[in-house]
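Per TrEMBL, the features are:
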- ASN8, GLU48, ASP197, ASN199, ASP303, HIS304: Mg(2+) binding site (BINDING)
- TYR156: active site (ACT_SITE)
- ASP197: active site, proton donor/acceptor (ACT_SITE)
- ASN199: site 'Transition state stabilizer' (SITE)
- ASP277: site 'Important for catalytic activity' (SITE)
- HIS304: active site, proton acceptor (ACT_SITE)
- HIS304: site 'Interaction with DNA substrate' (SITE)
- 379-408: compositional bias 'Polar residues' (COMPBIAS)
- 465-514: domain 'GRF-type' (DOMAIN)
Amino acid sequence: MLRVVSWNINGIRSPVQGVGYEEPSNCTAMAMGRILDKLDADIVCLQETKVTRDVLTEPLAIIEGCNSYFSFSRNRSGYSGVATFCKDSATPVAAEEGLSGLLATQNGDVGCYGNMDDFTQEELRALDSEGRALLTQHKICTWEGKEKTLTLINVYCPHADPGKPERLAFKMRFYRLLQIRAEALLAAGSHVIILGDLNTAHRPIDHWDAVNLECFEEDPGRKWMDHLLSNLGCQAGSHTGPFIDSYRCFHPNQKGAFTCWSTVSGARHLNYGSRLDYVLGDRTLVMDTFQTSFLLPEVMGSDHCPVGAVLSVSSVPAKQCPPLCTRFLPEFAGTQLKILRFLVRLKQDPVFRQSALQLSNQTPVQMRQNKARVRSTRSRPSQAGSSRGQKNLMSYFQPSSSRPQASPNLELPSLDTLVTPKTSEEDVMANVEGQAKASEAKDEKEVRTSFWKSLLRGPLPMPLCGGHREPCVMRTVKKPGPNLGRHFYMCARPQGPPTDPSSRCSFFLWSRPS
């Protein structure tokens, strides 16, 4: 059996909590290894790793018993990125970064690029510059004993921001390039699995609020998936595209099968999300080898949950990892740690060589005599009259000569001549004045205290929402517009279906400016 899992991890360097409901480990290598163990897959594909090569560390990249492959964003740090971890028993025969072939090294690449004449070189370079695709090619053996080729395309498709129409165009061009490459691999005789975050909920059943969305079926991303996939799963005579959505093949009517939730609104608590993560296989592969397809919503640590599938094939590991494997990177291979690379051998002078030879031929007795001769010829500082020598400890306890000495014949004035005794009236007046000053100081302190208390009285108590009469939460408007930066109150409960009384109510109240 071959088990593959895909997960949008939302940052591979962040501590992943909730995997198996255990405490996160402080050691990065142990944490990453524990994640792979909990997913229990032969091949794990991660999306949105948010690392670039300059910040990738060896504990994250090299895990015992696995070989890993990374694709990095070339434009921004902490953005996008995908990674594939393969067990040594599923070592690929080839690996390649990107879809266009521009990042290929011609050594250990997957190949089969298809007709990309519709794209310019600049466009292809831009589509592959965000680190959104990684291909690994494996040899598999079917239950009939036939050896075949399987190519996994690990993708993190772009998100179409409604406020940025150019990103929608970028997303659709990425989809087109992905389809061209996948179909070219199929035409070359390889089985193909596309898995990862496609950033599109295909059907209304895959979205929590599809009914209230305008033109849901007319979305360009959904139309592209309609052409890519067979629309009725595994039923005969329903072929419209070369690939099958494996989860809908085994669970065609399963509602609430979501893989992504909003963390801000706490929507995961009431399963108020959408299905953006898929395992798509070519029709022949799914019909002949797929045993099941599943979701893992109990695995926490990201705003997505893992998805996966099990195939009734066995992997035939390659004898050696492809060159793209992270263990071959210079920073992890150890080659740059050798200081000899920075040293140059020079020709020795004959005189120096002869003196070195003489020193090496000396006996131990001669070497000790030479050392003693060197010590005796060293100049020694004078013990007497040296102003820079270390002082004796007792010198710090001797009386200083510069300090003026008190004369024994000096008579001190009488205390009676310096201090005039106060009368009883003066004592009373001083006491009254002291009490008056203390009272004034106390009053002034109370005035200052009351002033600062009125000024720094702290935040006002939270208003109660209208639906549940519970304290609200304060939010800030982040959308550009006239209300940008304003604060408002809303129900603190997690987002959910409007028919669910335990979900968030529609209470809204602007916060008064302080």
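Just so you know, glycine gets a Cβ as well, placed from its N, Cα and C.
The sparsest Cβ neighbourhood within 10 Å, among the listed binding-site residues (GLU48, ASP303), is found at ASP303. Distance noted between the C-alpha atoms of TYR156 (active site) and ASP197 (Mg(2+) binding site) is 5 Å. Distance noted between the C-alpha atoms of GLU48 (Mg(2+) binding site) and ASP277 (site 'Important for catalytic activity') is 12 Å. Counting in whole angstrom, ASN8 (Mg(2+) binding site) lies 8 from ASP277 (site 'Important for catalytic activity') by their C-alpha atoms. Per DSSP, the domain 'GRF-type' (465-514) is made up of 0 helix, 12 strand, 38 coil. A Cβ within 8 Å of the Cβ centre of ASN8, GLU48, ASP197, ASN199, ASP303, HIS304, the residues given for Mg(2+), is found for these other residues of the same chain: ASN10, GLN47, TYR156, CYS260, LEU276, ASP277, SER302.
Every protein chain shown contributes to the tally, and the Cβ of HIS304 (Mg(2+) binding site) ends up with 23 other Cβ atoms within 10 Å. In this structure, the CA atom of HIS304 (Mg(2+) binding site) is 8 Å away from the CA atom of ASP277 (site 'Important for catalytic activity'). Across the structure, ASN199 (Mg(2+) binding site) and ASP277 (site 'Important for catalytic activity') place their CA atoms 7 angstrom apart. The CA atom of ASP197 (Mg(2+) binding site) is located 4 Å away from the CA atom of ASP277 (site 'Important for catalytic activity'). Predicted-model confidence for the domain 'GRF-type' (465-514) is 86, expressed as mean pLDDT.
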